[in-house]
Amino acid sequence: MLAESLVVALLAIAPVSARPEPDFWRRALSAADVRTCALTDEAPHVKAPKANAWAPISPQDVKDVWKFVHAPERALNLTDPANATLTDNYVFLVDTLYLNKTQVLSYIDGDADQPPKYARVVIFEGGKEEPVSQEYMVGPLPVGAETTIAPYDYPFNGGLGGKIPYDGRYMDGKRTAGYQPLLKQAMTDVADITKALFNGTYYGASDPRTDIVAANTGPHSLDGSQSWITIMFRYPGAASYVTPIDFYIILDITGTDISKYTLRGYVTNTKFFKTADELRKAFEAGEITNEFPQTRDQEWALLKAVPEMGVRDLDDRIAPQSIEIGGKRYKLDRENQYVEFMGWSFYMSFTRILGLMFYDIKFKGERIIYELSLQEAAAQYAGNQPKAANTGICLFESDSGYPVARHRYGSGGNPNGFSNIAAVKGSALHARTIATIGNYDYLFDYAFHVDGSIEIEVRASGYLQSSPYYKDQTNFGARVGLGTQGSFHDHILSWKADFDIISSKNSLQRTDLIVVNQTQPWFPELGSFEQMELKAYNMEKEQQFNWAQNGQSMYCVVNDEEKNAWGVSRGYRLVPGRSNVHLSTHNSPFSKHSSHILKSHLAVSKHHDNEPYGNSWQNVNLPLKPQQDFSKLFNDESVDGEDIVVWFNLGMHHYTRSEDIPVTLYSEAVSSIVFAPQNFHDRAQEGDLQNRRWITSNATTGEITYEDYGLQLPTCKVALEEPSTKILPWLKI
């Protein structure tokens with residue numbers, strides 16, 4: 001029965017009037033040798049043209065780099081992170097160093113040797129007289145006699161290179177442990193008050209009397225010259241993000257001397273109290289209340305079936321599944337993380353800082369994009385409380401849900417109402433990864449379509465980072481629970497797309513749809529009337545810009561030195577998809593200079609090897625003096641006929657709602673963009689696809705005939721399996 005349903009599904013490219021008699025496939029199945037589909041077979045092997053220059057450094061390299069930097073002759077005075085404190089020097093991160101494009105091109109396009117690999121090492125240097133976080137480059141790798149260590153400064157334009165002041169560095173476990181004694185004391189001093197108001201107390205994370213959990217949000221500094229921590233409290237449990245209580249504490253944690261840390265104050269009922277005595281005085285005077293008590297019961301917020309809601313009719317049947325019934329149509333070089341699919345080819349890489357990246361993306365042997373990589377994922381919240389202001393990967397082909405092309409030619413005298421129908425099946429290869437970052441599960445999907453287009457899509461699910469509910473603060477978000485308000489916020493994610501259409505000499509062409517007045521001599525009675533025209537020109541200088549209102553401008557990356565058969569510059573169009581937004585606030589002190597990349601839909605800059613990043617992972621605590629200032633990439637340089645980089649943002653304004661409980665839904669929180677061929681070819685790229693049907697209807701008898709191009713509908717049994725850890729083990733992450 002399952003195989004039968006698959007045949008029915010595969011016939012769906014034909015219209016109802018063109019399908020065989022109802023028992024056609026039943027007769028075919030009864031006579032067929034029904035086999036089990038090899039859904040878990042390995043993808044065919046292909047050898048990459050060259051070794052992957054961008055591949056992550058190996059686990060052995062990481063171990064060797066670790067030993068190298070800890071060797072006494074390096075004089076870094078490093079302590080094992082397991083034993084380190086704030087005043088020690090210790091390694092925080094070992095990652096793969098970004099390779100300069102000019103080096104790589106001479107390798108992949110020429111006869112140069114493969115560029116040597118380097119490691120990117122972040123060391124927290126709390127033991128120095130001036131404590132800092134410093135990035136280093138270690139290489140060449142593998143570690144040997146020529147391996148050296150040097151500051152990794154050149155990609156950062158904030159003025160200090162790879163150095164970050166201690167108070168602007170990442171809030172890791174050591175810094176968290178440093179302020180715990182002060183937090184414990186400050187909360188113990190008001191334990192009776194929190195018990196009375198919220199039925200919860202905090203005596204320290206490891207104290208058995210503690211029955212609320214502490215959480216913090218950034219930024220923790222503005223420019224690295226000072227540091228604070230804002231701590232909110234929640235009821236513990238799997239859904240703690242949606243059970244906040246109305247109590248916050250702010251600590252001054254500037255420097256490495258924890259004896260100098262101080263209490264800045266408490267916040268509750270939207271009131272600020274500098275000391276425990278001030279808070280106690282207000283509490284005893286009845287000035288502090290808990291009007292909407294939070295519940296400790298979190299069953300209402302768990303992503304489980306809810307018996308009280310009943311069961312929908314026929315939901316006891318398994319939902320439709322996307323399966324590669326004909327076998328895998330993509331090829332892999334596992335060692336080099338190289339993929340080929342229906343004319344596409346590309347390399348994949350991964351870093352702990354930037355995640356999944358794509359390089360040397362080609363269609364039918366011609367380069368479209370040199371690099372496609374995520375640069376930033378940010379969320380900025382609205383609200384009037386202090387808080388509010390693991391990756392894996394899957395590669396699969398799926399049905400697009402629509403034919404890539406279709407046309408019906410009708411004939412009124414034909415018994416079936418048509419003479420012929422043509423349809424070409426649409427499908428795409430998806431590289432999908434899900435990153436759980438705190439409360440959110442971001443789903444990143446890169447789809448390589450058979451028509452030569454690339455679609456980048458991001459979806460967000462997971463728990464709201466919610467706030468306590470106040471009836472006078474509905475302008476910041478909707479009430480979603482007994483004592484919970486969903487705070488409105490922006491999700492903005494930035495990408496880098498280094499286009500190389502055929503070569504590195506590209507331009508960003510803007511075509512405006514304009515309205516002009518005109519007359520036509522064959523209709524003189526109309527006089528002057530409006531007509532649409534196109535005005536195309538290349539953007540001259542580096543700039544940030546937004547999508548045009550009403551979609552009345554088209555942006556294409558073109559190569560004016562390469563023409564198609566019709567004399568038109570070959571290129572790729574940037575097509576806005578769903579929910580193309582940018583950051584709403586432009587002058588917030590918490591993102592003023594650190595997030596310029598988020599403040600427009602699009603940007604174009606000239607490529608430079610010393611400008612590989614649009615942002616820095618350390619910018620979060622340096623909003624007024626960032627390590628990497630995106631605005632400094634724009635120096636009025638020409639981008640006409642140059643090696644250009646397009647930066648784009650996806651995201652959504654998250655208008656919180658009760659349907660965000662238990663978690664935000666992927667179906668609604670989604671944003672996308674498409675890169676589509678624009679005169680890149682001489683015609684649409686469907687003519688060489690064999691997954692199609694040409695259906696004709698005899699004008700006299702109505703007999704229907706099919707041209708199947710040698711691809712008959714398969715019949716087989718299907719055995720679906722639950723996901724396992726064996727999914728794509730070849731990607732070494």
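Just so it is clear, glycine is given a Cβ too, placed from its N, Cα and C backbone atoms.
Features of the protein shown, as given by TrEMBL:
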- 1-18: signal peptide (SIGNAL)
- 78-142: domain 'Copper amine oxidase N2-terminal' (DOMAIN)
- 242-301: domain 'DUF1965' (DOMAIN)
- 385-684: domain 'Copper amine oxidase catalytic' (DOMAIN)
- TYR440: 2',4',5'-topaquinone (MOD_RES)
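TYR440 (2',4',5'-topaquinone) has a Cβ environment of 20 other Cβ atoms inside 10 Å. Note: the domain 'DUF1965' (242-301) comprises 16 helix, 19 strand, 25 coil (DSSP; helix = H, G, I, strand = E, B). Across the domain 'Copper amine oxidase N2-terminal' (78-142), DSSP classifies residues as 8 helix, 28 strand, 29 coil.
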